[in-house]
Amino acid sequence: MRIFKVPREPGAGGTIILSMVGGLILAHADWRGWLIGLIVAMVTFFTFDFAFDSYRAWNLKGMIAALGINGLAYILPAFYWFGSRIFEPSTDNPPFVPLTVVGILFALHFAFSRAKGWKHPVTYALGNLLPAVPALFAPAVSGRPFNDDVFAFWLLLAYYEAIGAAYVETRLAFRKFPKKYPLMAWLPIFGVLAYNPYLIIALIEPTVRLVKNLREENYVAKIEDIKALGWSVFRSVMLLYVLTLAVLYLT
């Protein structure tokens, strides 16, 4: 199994790069931070499939290799900027929040994958939270303090990635996943408006899409239709990405 390769899923690969870009913008990185951040994102981009396949097969050797490569890719730049401070268990430590979030996400995904199986819609949706993680590490690898804008950006992007995956599940003829579940799971994200009310701009299109889906009676089964549906969701994610980034940067 090759370690470095282009991800099978264009959406996952695109999210890895774009999440880091958004994180670097909101972290106000200088040119050195941008250079290091993009290199780190490319490491994650090219090792994503290897890490995912090793994890799914529970290949311990592969998992250790993937964790080692990506761990060093993120820890070394953070150590360069912040020194031994990165090992302190404090919210003032830039890598602390990202590492905590990653730990929680993997624990949730592991629990659901073992209890419900890899093909369960919830397991699939949880897996879609992971490609946006580089955004959380953008401040640490660019020498900037972690800030609330970065967290809000990651939360909206990752959350909608997961909801979008669940939305796709509701449209598949061979799944018949209840259409109300993605909408019900989406509604708590409106809590982010307490942080920045202008983020309502980014929430409009996804909400309309999920509400309209309640009355959608056409299911897809052909591979070309499934791909078209996937690209439709990716465009929706990118719209949310641009609007969220613009709101957080400008307000």
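Each residue, glycine too, has its Cβ placed from N, Cα and C.
TrEMBL: automatically predicted annotations, no manual curation.
Through the fold, the transmembrane segment (12-29) approaches residues 6, 37-38, 40-42, 44-45, 48, 128, 131-139, 142-144, 147, 149-150, 153-154, 157, 161, 234, 237-238, 241, 244-245, 248-249 of its own chain, all at least 6 residues removed from its boundaries and within a Cβ separation under 8 Å. The feature transmembrane segment is assigned by TrEMBL to 12-29 (among others).
According to TrEMBL, the transmembrane segment annotation covers 35-52 (among others).
Summarising the annotation, TrEMBL assigns transmembrane segment to 64-83 (among others).
What TrEMBL lists as transmembrane segment is 95-112 (among others). Long-range Cβ contacts of the transmembrane segment (95-112) within its own chain (Cβ-Cβ under 8 Å, at least 6 residues beyond either end) map to 74-75, 78, 86, 88-89, 120, 122-123, 126-127, 129-130, 133, 136-137, 140, 146, 151, 154.
Residues or ranges marked as transmembrane segment by TrEMBL: 124-141 (among others).
Summarising the annotation, TrEMBL assigns transmembrane segment to 153-174 (among others).
Within its own chain, the transmembrane segment (186-208) has Cβ neighbours under 8 Å at 148, 152, 155-156, 159-160, 163-164, 236, 239-240, 243-244, 247-248, 251, counting only residues six or more beyond its boundaries. The transmembrane segment annotation in TrEMBL covers 186-208 (among others).
Taken from TrEMBL, the feature transmembrane segment covers 228-250 (among others).
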| message | Check the transmembrane segment (124-141) against the transmembrane segment (35-52) for contact, please; criterion is three or more CB pairs under 8 Å, pairs 6 or more apart in sequence. | response | yes
